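K.L.:
One structure, as structure tokens, below. Some questions next.
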Amino acid sequence: MIQVKLTRSKSGIRRSYFVDFGIYLFLFLFGLFMMLPMVYAVSNAFKPLEEIWFFPPRFLVNNPTMQNFRDLFMIMSDSWVPFSRYVFNTVWITAAGTAGHVVLASLCAYVLSKHKFPGKGLMFSMVVLSLMFSGAVTQIPNFMIIAKLGWVDTYSAIIVPAFASSLGLYLMKQFMDQMIPDAVLESARMDGASEWRIFWTIAMPMVKPAWLTLIIFSIQGLWGTGANHFIQSEELKTLNYALSQILAGGIARTGTGSAAAVLMMIVPIIVFIISQSKIIETMSASGMKE
Amino acid sequence: MGHLFQQDAYGYANALLLKYNFISSPILWFENPKYMLGLVVVVALWTSVGTSFLSFIAGLQGIDRSLYEAAAMDGVRNRWQELWYVTLPSMKPQLMFGAVMSITGSFGAGAIVTALCGMPSTGYAAHTIVNHLEDYGAIRYEMGYASAIATVLFMIMIGTNKLVQKLLAKVGE
């Protein structure tokens, strides 16, 4: 997924193959280490119950079975609220939250990065500083605001705050600083392009890797939305919440829980693969620089 | 995840160590103050690399390729110089983003300790600032003291942030 571009032939810089090999070996081992939990989760989902508690424990599955998934669907089919409702809730929260977040973050970041106005520095440092509050501190004020807005027990309580998450704004601002040369915007302005047009047809395509990355972050974060103190009605609860209830069933549900975890992992992974391939596409396609 | 360092002989680490006779009885990984903190660090690393990693990949795509050729012309000879004088300075904004994310992430670590070692951990050996905050805010309801902890934590983060900013300004010099 990560493309390594060797510039050996072009730049004429001396690179020893020995060090190359060492770096690749290190990266390979590191990647393997990072992958362990995922491999473990997937292989657990296919283990029959007696193999999950086998001694000595096995890392990989020996007799793969679909039993866990079958159990999962059986449990899900007689849930109080139809299971599809949980799926819809999560999909809706993820889609709406991500769309709003990416649009809002890009617009704000563009202005903060490429325009001059009084109080700009102050505003930006407020955004960065807001990243440093620990979540526990803002819980009570957050709840009060949502309650005053009358959003308790609605989708908006999760979706709208996600729009304004400062992480995306900060990410987009940093990328726009790096990737968009002022000269390009200048010349577009000379040619009479409107500010919106500059933003939409020039700035956004140039920072495509940034907003693709942001989409991954946002989907990953929102997809995992679990129990939430703003949501009380069962009809509004999310997939993650529904699946985590299965694990509450105790040791006998270990396998089913792993199957649920794998199902939860699939969507973010697909999003990640698609957007990563898109990022690499842009890299080979874009040649426009100063 | 929990299985790897599970406390009984069914955990992977214990099973391995038992099998090759390094130990004679299973180690209580998350109850023994000797191992707790180290293991929490490993698990935190495991879960934390993603964010800055992704932004670094995207940042690397934004580097102008011709800079490398220009650098080679200007006498950059090996890959360390290339890294230090071209790659890192070109992606300073992403480095800053990664740094801020790591700072907020690691100072804010608390849930992971609760998940692995319980709340509070044995002998408070893996107690973090955020655990302390939760202890006084959500269990003992001493809101004034909890707010003070949060404020101090906030100050520490700002300080670290400023420090990293200073350090990053030196990259490529």
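Including glycine, each Cβ sits where the backbone N, Cα and C put it.
In case it's useful when we look at the structure, here is the feature table from TrEMBL:
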TRANSMEM  A:21-42  transmembrane segment
TRANSMEM  A:86-112  transmembrane segment
DOMAIN    A:87-275  domain 'ABC transmembrane type-1'
TRANSMEM  A:124-146  transmembrane segment
TRANSMEM  A:152-172  transmembrane segment
TRANSMEM  A:251-274  transmembrane segment
K.L.:
Okay, the transmembrane segment (A:152-172) and the transmembrane segment (A:86-112): do they have at least three CB pairs under 8 Å, pairs separated by 6 or more?
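P.N.:
The answer is yes, given that the two segments have at least 3 Cβ pairs within the 8 Å cut-off.
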K.L.:
Using Cβ distances below 8 Å and needing 3 or more such pairs, separated by at least 6 in sequence, tell me whether the transmembrane segment (A:251-274) contacts the transmembrane segment (A:124-146).
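P.N.:
Answer no, regions not in contact.
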K.L.:
Below 8 angstroms Cβ to Cβ, which residues of this chain, lying six or more residues outside the transmembrane segment (A:124-146), approach it?
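P.N.:
112, 152, 157, 161, 166-167, 169-170, 173, 229-230.
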